Protein chains: 2
Amino acid sequence: MLDNKENPLTSLEKLGEFGLIDHLTQSIQIAQESTQTGVGDDAAVLNFDGLQTVVSTDMLVEGVHFNLAYVPLKHLGYKSVVVNLSDIYAMNAVPTQILVSIAVSNRFSLEAIEEIYEGIKIACKRYNVDLVGGDTTSSQSGLVLSITAIGQAKTEDLCYRNGANANDLLVVSGDLGGAYLGLQVLERENEVFKANPNMQPSLEEYEYIVGRQLKPEAGKHIVELLAELEVKPTSMIDVSDGLSSEILHLSKQSGYGFKIYEEKIPLDPMVIKTAEEFGINPITCALNGGEDYELLFTISQSDFPKIKGNPNLTVIGHTTEQNADNYLILNGSESAVPLTAQGWTSF
Amino acid sequence: MLDNKENPLTSLEKLGEFGLIDHLTQSIQIAQESTQTGVGDDAAVLNFDGLQTVVSTDMLVEGVHFNLAYVPLKHLGYKSVVVNLSDIYAMNAVPTQILVSIAVSNRFSLEAIEEIYEGIKIACKRYNVDLVGGDTTSSQSGLVLSITAIGQAKTEDLCYRNGANANDLLVVSGDLGGAYLGLQVLERENEVFKANPNMQPSLEEYEYIVGRQLKPEAGKHIVELLAELEVKPTSMIDVSDGLSSEILHLSKQSGYGFKIYEEKIPLDPMVIKTAEEFGINPITCALNGGEDYELLFTISQSDFPKIKGNPNLTVIGHTTEQNADNYLILNGSESAVPLTAQGWTSF
């Protein structure tokens with residue numbers, strides 16, 4: 001049915017994730033007065049008389065987003081909620097409800113699904129959101145989780161991806177690259193285990209980065225911190241695909257180029273040590289690894305004194321000119337490397 | 001990882017869909033003031049200052065909910081939206097936005113996904129809803145669609161599943177059993193085609209029921225009709241799993257028993273003819289077939305004059321007493337058959 005067309009077909013591999021999204025969404029039209037922002041930001045914004053309602057959805061697929069050989073089901077449930085809430089926080093909004101759909105094959109027992117739900121409920125409690133609906137169905141193979149998060153914000157608090165101005169500072173919360181390296185450790189231990197099932201995985205010394213991969217947290221504390229500091233970012237996004245890719249989003253939507261500095265990118269000592277062990281540049285992990293779920297945002301230079309010295313926030317660069325390219329300035333040099341998007345290429 | 005527990009595991013097969021949902025949702029707690037109704041109705045109801053926001057989500061899995069051997073991708077996209085909107089209409093609300101997540105394996109081309117989106121967009125236009133977000137990802141095998149619909153209603157217009165009162169009339173829109181028989185025809189023609197690929201399927205004479213299966217419509221016209229007639233149902237649900245199962249939902253949630261009459265159940269002549277061809281009782285198709293996406297609701301007897309004689313609405317029974325069982329009264333007799341839930345048993 002799919003193969004008997006006469007024209008040659010476009011492969012998804014060639015298009016890539018962002019190309020596909022652009023392609024599929026370019027002709028979407030908005031008809032409802034209440035739809036303030038649709039596709040194209042971390043979450044849609046709906047205006048229902050007064051407070052803004054923010055919604056976002058994400059799908060996690062077995063074998064693509066997680067491997068049950070080393071991801072405990074409870075962690076999976078927790079993470080699936082967190083990655084959605086992260087999109088709501090990236091709007092500078094507060095998540096209030098989620099809906100959860102799960103497809104499972106008959107190789108899963110009730111207890112297995114309960115484990116997933118247990119993680120979901122822990123996340124709901126941690127982030128004070130209500131699970132208000134969903135769907136549970138069977139699949140022929142594999143586990144699929146689809147979560148929709150809904151949140152609220154005052155109109156004046158919302159942060160979009162397109163708001164950066166000339167000479168804004170680029171700020172990131174926490175540190176980067178850990179989730180990617182945590183995954184490398186888990187995959188390596190899994191290979192060891194497959195080769196010799198009597199070997200127990202040695203994960204203790206990698207606790208921080210393995211935790212970043214298995215049980216990430218969303219930017220609740222950062223949104224609260226920004227409110228406390230009275231800093232309203234001019235634009236914001238969460239780091240799900242990697243720093244590089246997120247900067248390109250902010251750049252494309254604002255029209256400004258960005259310059260970031262290698263020496264400023266926040267790295268945990270364990271990230272540096274583990275990257276060395278794997279023979280990778282830790283900066284590459286930060287730029288292209290993804291899944292750190294930190295918040296990346298721009299602020300006006302006049303807000304710099306408010307965030308200066310805060311251990312949770314690092315200024316890593318700034319916007320340049322309109323329509324300029326995006327660059328990484330290498331340590332101790334004037335060399336500039338163009339930033340390129342990786343995203344996922346699992347097609 | 002899932003098999004090394006000491007306690008025997010509960011099979012999902014034994015539990016069934018509704019048992020699983022009850023089990024998983026029984027301990028969910030509501031923390032947000034804005035969550036008016038969470039899990040347990042066709043859609044959750046959120047109260048964001050003023051208008052009620054209604055959200056609902058559904059997942060469609062290849063090989064479980066559809067077979068791409070005979071479901072055109074455009075129809076699949078259309079139907080996946082319609083089944084979600086149906087849940088919003090079943091609240092007597094108006095859908096306003098949807099979010100769409102799709103997981104596809106690399107056997108799908110861009111054109112294939114475009115076909116799905118084309119159907120989604122046609123449905124959005126037909127029902128005047130905005131596609132405001134989503135996620136597109138890869139899967140290792142098969143196609144999964146997950147859609148969340150958001151809608152609005154005035155507080156006083158919302159219809160829940162639990163509102164039926166003693167001696168209310170039970171009303172269904174349109175006719176029943178067609179979608180199930182349409183599926184039987186499609187599956188039969190697919191078997192014929194597999195046996196002899198040169199055979200062309202003969203679907204013309206089954207156009208109505210095949211259309212009911214491949215391109216169902218949600219109850220927009222019924223919700224509009226009820227507003228026009230100034231009838232506010234006391235409870236409402238959409239017929240997704242079959243008449244029997246939906247009546248049991250209304251009964252369980254209201255606490256009243258229901259009695260329905262075989263002779264009153266609306267059947268299209270093609271449903272009767274095709275059921276005969278397949279050697280099935282057409283009433284069984286209506287009771288257990290599902291996927292008709294008609295609206296089933298209760299009204300006060302005092303509203304009967306307003307709907308009397310309307311060709312879109314049929315009174316098929318009534319509530320009886322509190323805590324009473326649910327019965328089908330057979331044609332020309334006093335015999336009463338207890339109604340039992342089938343739901344899907346695909347686990």
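Placed from the backbone N, Cα and C atoms, the Cβ positions cover glycine too.
Any TrEMBL annotation is an automated prediction that lacks curation.
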_ATP binding, same site as A:G134, A:D135, A:R161, A:S240 - TrEMBL member from A:Y117, A:Y261_ = A:Y117
*Do you know offhand how many angstrom separate A:D238 (Mg(2+) 3 binding site) and A:D135 (Mg(2+) 1 binding site) by C-alpha?*
27
*Pairwise C-alpha maximum, in angstrom, for the residues (A:Y117, A:G134, A:D135, A:R161, A:S240) that bind ATP according to the record*: 32
*Could you give the number of helix, strand and coil residues in the domain 'PurM-like N-terminal' (A:40-152) as assigned by DSSP?*
35 helix, 46 strand, 32 coil
*What subset of the binding-site residues A:D87, A:S240, A:D241 has a Cβ positioned less than 8 Å from a Cβ of chain B?*
none
*What mean pLDDT does the predicted model reach across the domain 'PurM-like N-terminal' (A:40-152)?*
86
*For A:E291 (substrate binding site), just count the other CB atoms lying within 10 A of its CB, please.*
20
*In whole Å, note down how far the CA of A:H65 (substrate binding site) lies from the CA of A:S240 (ATP binding site).*
12
